[in-house]
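One structure is given below, represented as structure tokens, and several questions about it will come after.
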Amino acid sequence: MTPMRKTNPLMKLINHSFIDLPTPSNISAWWNFGSLLGACLILQITTGLFLAMHYSPDASTAFSSIAHITRDVNYGWIIRYLHANGASMFFICLFLHIGRGLYYGSFLYSETWNIGIILLLATMATAFMGYVLPWGQMSFWGATVITNLLSAIPYIGTDLVQWIWGGYSVDSPTLTRFFTFHFILPFIIAALATLHLLFLHETGSNNPLGITSHSDKITFHPYYTIKDALGLLLFLLSLMTLTLFSPDLLGDPDNYTLANPLNTPPHIKPEWYFLFAYTILRSVPNKLGGVLALLLSILILAMIPILHMSKQQSMMFRPLSQSLYWLLAADLLILTWIGGQPVSYPFTIIGQVASVLYFTTILILMPTISLIENKMLKWA
């Protein structure tokens, strides 16, 4: 008798995606992050839903409603900190997932890659709006500074900023609309993630060797469900350790002070996962130039498939490209570090050098090294 999972229309869909899915037999732990991102999204939607039940999206009550959640709501403190640190874990998994895609050439699956870029942008927008909701000092000034960047757009910039604010400054209307979008975007992200999976299953997963694996595939269950379960266990262990021992490690102390439009914090900075882009933004002296550099720092990912010059998909057997890849990873860490430092010497010059190196590595060095490696293949 045929199992129900192969006959029932709904079960068949789940079966083809998670149970009998043909999967390359040699994919490593770097392929775990897709399922971990799904787990992160479920965690964020669940904790966010419970927080939304007690949150008040109004400038006069938002800060006190967060205090109420933390102090008075049953287990409110852990729900709040799981949500805040869950966002950090989300971005760690996201960056590692993108890093794996770059290293093993997964960007050649263009539909999957492009939906992934849209997912990244949607996640960044959601996280930014979520950071505004506690209505602390860094929430208020972060929202003011980042939304004000749109004023760099010629002719319509100022009107656009005031339209987003719902007035002449960041206030209650801004907070209400940010809360609305912060609530709805995760569901749009979930829909996009389904599309991401749909297109991935059209081509099948990539593998570390970067060669076709049609002749050597195994079922996703039980082999990779067990592997993903181990990854999930380690992820939950890390998240719970962070949440229970150092819940404010990745936050900003200024956000425990009520938003005050008359008092500017000494160093306005976004959450740690945006610091690399923030450094690139402030490394350009011109406002419009900085905004364009900021956009390009993310959208450059869409150019990666065009810049791929190598005859091999993966970097597995390309030591020169590997060296450049790790140089880029180190450069991103430097950019993240500089983003958290004050705008003064020597940090400004380090930030500018790191920003130039970021774009040079991706746009010039990587394609050039790939062409050199192609020549070396002929000599071998």
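Placement of Cβ uses the backbone N, Cα and C atoms for every residue, glycine included.
Per Swiss-Prot, heme b b562 binding site is recorded for H83, H182, and the stated evidence type is similarity to another entry. For H97, H196, the entry in Swiss-Prot reads heme b b566 binding site. The feature ubiquinone binding site is assigned by Swiss-Prot to H201. The transmembrane segment feature in Swiss-Prot is assigned to 33-53, 77-98, 113-133, 178-198, 226-246, 288-308, 320-340, 347-367; the stated evidence is similarity to another entry.
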When the Cα-Cα distance from H97 (heme b b566 binding site) is computed for each of the binding-site residues H83, H182, H201, which gives the smallest value?
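So, spelling it out, the nearest of the binding-site residues is H201.
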Looking only at H97, H182, H196, H201, the binding-site residues on record, which one has the least crowded Cβ, with the fewest other Cβ atoms within 10 Å?
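Each of the binding-site residues H97, H182, H196, H201 was scored by Cβ atoms within 10 Å; lowest is H201.
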So which residues does the transmembrane segment (178-198) touch in its own chain, when a touch means Cβ under 8 Å and the partner is 6 or more beyond its ends?
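The answer is 17, 37-38, 41, 44-45, 48, 52, 55, 57, 112, 115-116, 118-119, 122-123, 125-126, 129-130, 132-133, 143.
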Which sequence positions outside the transmembrane segment (33-53), separated from its termini by at least 6 residues, show Cβ-Cβ distances below 8 Å to it?
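Beyond its ends, the transmembrane segment (33-53) has Cβ neighbours at 69, 79-80, 82-83, 86-87, 89-90, 93-94, 96-97, 100, 182-183, 186-187, 189-190, 193, 228, 231-232, 235.
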Same chain only, please: residues at least 6 beyond the ends of the transmembrane segment (113-133) with a C-beta under 8 Å from a C-beta of the stretch. Say none if there are none.
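For the transmembrane segment (113-133), the sequence-distant neighbours (Cβ-Cβ under 8 Å, at least 6 residues beyond its ends) are 55, 57, 62, 66, 87, 90-91, 94, 98, 101, 106-107, 139-140, 142-143, 146, 170, 174-175, 178-179, 181-182, 185-186, 188-189, 192-193, 195-196, 199, 270-271, 273-274, 298-299, 301-302, 304-305.
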Within 10 Å of the Cβ of H83 (heme b b562 binding site), how many other Cβ atoms can you find? Include all protein chains, please.
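A 10 Å sphere around the Cβ of H83 (heme b b562 binding site) contains 20 other Cβ atoms.
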Where H83 (heme b b562 binding site) and H201 (ubiquinone binding site) are concerned, what is their Cα separation in Å, rounded?
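Rounded to a whole number, the Cα-Cα distance is 30 Å.
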What Cα-Cα separation, expressed in whole Å, is found between H201 (ubiquinone binding site) and H182 (heme b b562 binding site)?
29
